[in-house]
Amino acid sequence: MAKRDQKEASLLVLVAMVVVMVVLAVQVKSVVAAGEYTEAMMKVVREQVNAVNFTGNDARPGLIRLMFHDCFVNGCDGSVLLMTSRESSADGTTEKDSGFNIGLRGFEVIDKIKEKLADYKVTCTDAVIYAAREAVYLLSNGKIAYNVDGPGRKDGVISRSEDPEKYLPTPSSDFAVLVKKFTDKVVFTEKDVVALSGAHAVGVAHSTTINVTGTPEMYQTAVGWETFKDPNAVKNNVREYDGGPLKISSGYKDDNKERMAAKGVLDNSFYNAVLQKMALFPSDRVLGVNAVTKVREYMNNAGTWNNDFGSAMEKLSKLRATSDPSKIEIRNVCSKTN
């Protein structure tokens, strides 16, 4: 009788173990089915992000801007990539044609990432988000890393040239407008406005977007020289300026030697420039007046800014597409609808 009870108990344990294994298998399968941004995918994206260079300028800041200009308009849907769409403006133009999107770059990187990660079912929208994430990681020397969702986002089929103007802040926006543009998205706070502006520690600007009225005279001279060298690629960060043939000093000061030596690095140097009124855009310089406490905090504490910037970028990457779900798809080619 005891042996029979032992056999029955052993059988029950075996059955229980099988049930647990089946449940775990189902759970693992569901996670894989839902998609995950894996280390293998990350490696491919980083390789592609590092493989490009535009006219001697670092391409990676352009990939951060590309995601912002996509996700901030109608949610993350890859609509900024479209050259033609099912629903465009009356004259057939798309978001790419908007004056707000002048100088956007990195489209070929997105195409390459989608191609290389085809087996992972990566969409055009996924590629935009992953490229920005790895650009941030690489530009910050690994100090800023944030979570992104796995592949499977759908791509939009609507892209109108008038849409960016409705949602994106301008280089001359005042602080109230900046905050409203961000908080209209619900997930963003005033802190996110200040944190995300720090992306201007890297990258370049088109001369038509620049307004340095009211900045120090020597800074204006330095910006003039940068504009003369290349009006399509004026460096955002005064720290990067070479001063020109007469070695004109911009007057920029920073006692942080490590930060001064970190050329081309995504770091908290932007906030030091803001407090000296040495940022290219009025929309950046207003932070030094209306958010001076937070600007000083970020200038003095790189770790705090790294964390807050990463958190804000993660929020940005998760803005849902606002298109009718029946009107989104997985595009075969990123520049046009199926």
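From the backbone N, Cα and C atoms, a Cβ is placed for every residue, glycine too.
Cβ neighbour count for HIS69 (active site, proton acceptor) (all protein chains, 10 Å cutoff from its Cβ): 21. TrEMBL lists HIS69 with the feature active site, proton acceptor.
Sequence-distant neighbours of GLU95 (Ca(2+) 1 binding site) (same chain, 6+ residues apart, CB-CB distance under 8 A): HIS69, VAL73, SER79, VAL80, LEU82, ASN101, SER159, ARG160, SER161, ASP163, PRO164. Feature annotation from TrEMBL assigns Ca(2+) 1 binding site to ASP70, VAL73, GLY75, ASP77, SER79, GLU95.
Here TrEMBL flags PRO169 as substrate binding site.
Per TrEMBL, heme b binding site is recorded for HIS200. Around the Cβ of HIS200 (heme b binding site), the same chain contributes ASN236, ASN237, PHE270, ALA279, LEU280, PHE281, ASP284, each under 8 angstroms and 6 or more positions distant in sequence.
TrEMBL lists ASP267 with the feature Ca(2+) 2 binding site. Neighbour density for ASP267 (Ca(2+) 2 binding site): within 10 A of its CB lie 26 other CB atoms from the protein chains shown.
Taken from TrEMBL, the feature disulfide bond applies to CYS71-CYS76 (among others). Other Cβ atoms within 10 Å of the Cβ of CYS76 (disulfide bond) number 27 in total over all chains.
If you take the C-beta of CYS124 (disulfide bond) and look for same-chain residues 6 or more apart in sequence within under 8 angstroms, you find GLY78, LEU81, ILE110, LYS114, ASP155, ARG331, CYS334. Residues annotated as disulfide bond in TrEMBL: CYS124-CYS334 (among others).
A simple way to gauge crowding: the CB of ARG65 (site 'Transition state stabilizer') has 22 other CB atoms within 10 angstroms, across all the protein chains here. As annotated by TrEMBL, site 'Transition state stabilizer' applies to ARG65.
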* Structure fact -> Cβ proximity for PRO169 (substrate binding site), under 8 A, sequence spacing 6+, ordered by residue number, returns VAL177, LEU178, LYS181, PHE182, SER283
* recorded positions: CYS71, VAL73, CYS334 - member with fewest neighbouring CB atoms within 10 Å -> CYS334
* Asked: If you count other Cβ atoms within 10 Å of each one's Cβ, which of the binding-site residues ASP70, ASP77 has the most?
  -> ASP70
* Specify all same-chain residues, apart from the site residues ASP70, VAL73, GLY75, ASP77, SER79, GLU95, whose Cβ lies within 8 angstroms of the center of the Cβ atoms of the Ca(2+) 1 site, ordered by sequence. => HIS69, CYS71, PHE72, ASN74, CYS76, GLY78, VAL80, GLY156, SER159, ASP163, ALA321
